[in-house]
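Data block below; observations after.
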Amino acid sequence: MLSGWSWIIYAVPIALSTYSCTDEQLKACGHITPESSVLAIGSQFIAFCTLNETCIDLFKQNASHIIWKSKATEIPEEKYTVINQTTSSVTLNVSSSFESPLTCSFRVYGQIEQTLHGIFFTLGLPPDKPEYLTCIVYNDDNLTCTWNPGRPTFLPTNFTLKHQWAEERHNWSMKINRLLYKKSQRNQISRSTGKHPDCIPVGVNNSCTILEPHFQFFVDTWIWVEAENALGKARSDSLTVDPVNIVKPNPPVIEKVISRPELPYALKIVWENPLDKTVMDLKYNIRYKASSSMNWAKVPEEDTATYRNSFTLQDLKPYTEYVISLRCRNKNGSGYWSDWSKEKSTVTPETKPIKGPDLWRKIGDFSQGNRHVLLKWKKLEHSNANGVIKGYTVAILKKRPPVLTFDTTETNYTVNLTKDACTVMLTAHNKAGTSPASVLTIPAMGFKELPSVTNITTFVKDNQLWVEWTAPNESDVKRYVIEWHTNSNSTIEWLQESSRSRCTFLQGNIMPLKRYRISIYPLYRDGHGRGRSIEAYLKQGPPTEGPSVSTRKVGKNEAVLTWSQIPVNYQNGFIRNYTLFYKPNNGNESSVTIDESRTEYTLTPLSGNTQYMVRMKAYTDSGGTDGPDFTFTTLKFANGEIEAIVVPVCLVFLFTTLFGALACFYKRALIKKYIWPNVPDPSKSNIGQWSPQIPTRNFNSKNQPYPEGSFPDVSVVEITADDKKSFSEQDIKALDPLKKEKSTSEGHSSGIGGSSCMSSPRQSVSDSDESESAQTTSSTVQYSTVVLSGYRDQQPPAAQTFARSESTQPLLDSEERPEESPAPESLPGGDSAVQSNQYFKQNCSQAETIAGELDVEHPRQDLHPINEEDLVKLNQLQASDQSFQFSGVWPVENQLEVSERDIVHTNPEGHVGMKLESTVLNAAANEEPKCYLPQTVRQGGYMPQ
């Protein structure tokens, strides 16, 4: 392969060597023939490329090395033909995609392509034969011919209109006719050859106009068209025609239209003809119409088949504006009709009205001997008025004279008439005369109405609302009155129809979506028949608004819904039905169809205590419209359901209360026994038998044993033993009476009202003199303490008492929680410590204080040895003491912490001793011994009875 510089080195001498210099001229190495510049699309084209022998020798190339190209596209080699060493040809099928230029070339040294020669060409088509040649002579001014030029050629194509006289028809008779018609200068045309200049179209290729004097009437002329371009020539068929037979005259010009008062039904037209009769005999078409009409009326052709310049139109309507136009053509029927002339209009004269106005009435109520009657009539239509109506005359004829006459320019008149029948006559007049009278009979009061029409129906046709009826059986109906009005407008429109009519359409501005009420009255000679009515729409549509739903009554499983009829102005049609849509909250929507006549509906079944959303849709023949949504909630209980629950419950409660009251009444003793037991009489208590050594003392409960604010202190008896065997059987037996007394008093202690120091607080009953104590007893903690006498040889205290405490002080912690009390220390001289058992408790509010005072004020008494008999009795007493409690008493052991030295002392001999302490207040030291019966010691307490 050659490098870049090698290409330049070889290319320059090759480019210079492709031309040889001979006689100082450059000559190409090759040449293409033929050098055609135009190629026909669809044809086959063969081109030849011939090489110079000089180039063959110089480049060592021949015709077999030639390459053909269409523009930049190489043509396939199978289309090449090598004719000899110097000539190569190519065969091409010319199409619209074939591109210029066409070149031949070869490659120098097998690498550089060198173009030898090229030609440029244009593609196109030869002209088609012109067809459909027609010619028209417009009046006598020019001859215009048109033709079909055929398909596009894509090349400049020339069309030429040619014409020539027929030689055999040249004769002197024709010359004479032409001399009569043509002007003198037209005779200067040479007719020896019968040839005329060609007509070449300008700007078009399908028509050409030959101006006068290059054509002649009454001479047959040959006319044809020629088309020519670079690819060929074509000629149309010849048309032979006499120009006088292809004339289209200019339209006539209407000069004036004449109307005469004595001829109100006629108009005279005067016009100017486009051609003189000597040139062409013409005939005419005349048309006319009322200005308000869309349809033309024509004069029969036989009435205008001769040459003229005026014509009189007849049978026209008086006082009507007419529009008139006409045209003309050759009388023999050859040639063409001229265009219609410019329209001319005028008004026919007036004449008297041909009929009276349509008359109707509206009769009011009878009051004060008169009837208020409104007479109303229609304006005469233009076709019946025959002029301008100047006024109306109303005449009222009664059974008795005079005749009432009124003149007015209005279309209504109000008159007061009696109850008798009368006849109303109405006439209209213009400047030409008076119309016939319209007659209407006003029947007398109580007049029986005559038969009415039947089978009234309505329909829509051609966007008009028609009404149809069946006539009454009576044949003396004079005419019919049709009334109509909308429900929203009180103005009543009406019209009259003849007795032969069975249907008519409502005139005026009939609007869609409006409901019209139509009434028909037959009119007889003696009065009118009963009116029949019907409602109709010109066009229906969906309602403007839907009905609004509300609830009249709501239950648990049903709801009574009500709605109002949609106003007629918003219905836009006849309501055919309602559809009620209802949907529970978070549920599916359901619907029900309801008749259009209903305004209430019971919706069932529904779910209780559920919110529902409802809406109603009203339907006409053209669709429906939804009303607003409405929401309601059903009741949780149905009507009477609450009463069904409450009444039985109340009855049960009532009967239960009644039976309970009866039971309490009849079982009051049993109830009192368990709920309000009798409180035992403390005065009958045998608690005093606990200490037989001290006689019982009777006293009056009202005599206080102690002065106000002074009461004996409480003594505590505590027994401590380290061994049951220390007591002798004799000692135990000695305690049996005490045990028995304790057991006996146990049954009565409950009657004291919880007077034991260990008992629970109970409400006690006081006497009538101590009512104040009853209010505080429930919060009072009462204690009782038994004070025993000394054993055997011990001397009892000077005053031994059984005292009752009314203390309201709460229990001490050691009393409420005995498990927290500290265990006493082991007794000296024993093997193990024995827990101290406390059977009695001193006054709870002063327990610790009194214990201290005992140690200070009262010296200890010497302990005496306890023999085995005493020990046995003590053990028995201790054992029985676990079950022996006053009524409501709980164990008092471990409830009050007592010093060990105050409880047990051991003598040197090893005997266990029991200590008995008795302390009294100084204020009562000298008093006589008290009884064992519990006494009231505080103000506000009570004395058991």
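Including glycine, each Cβ sits where the backbone N, Cα and C put it.
According to TrEMBL, the feature signal peptide maps to 1-17. Residues or ranges marked as domain 'Fibronectin type-III' by TrEMBL: 251-351, 447-541, 543-637. What TrEMBL lists as transmembrane segment is 645-666. For 685-712, 730-781, 794-835, the entry in TrEMBL reads region 'Disordered'. The feature compositional bias 'Basic and acidic residues' is assigned by TrEMBL to 730-745.
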Subject >> Rounded mean pLDDT for the residues that make up the domain 'Fibronectin type-III' (543-637) >> reply: 93
**OP:** With DSSP as the reference, give the number of residues of the domain 'Fibronectin type-III' (447-541) in helix, strand and coil.
**Re:** 0 helix, 52 strand, 43 coil
**OP:** Count up the helix, strand and coil residues in the domain 'Fibronectin type-III' (543-637) according to DSSP, in that order.
**Re:** 4 helix, 47 strand, 44 coil
Original post:
Helix, strand, coil residue numbers for the domain 'Fibronectin type-III' (251-351) per DSSP?
Top reply: 4 helix, 47 strand, 50 coil
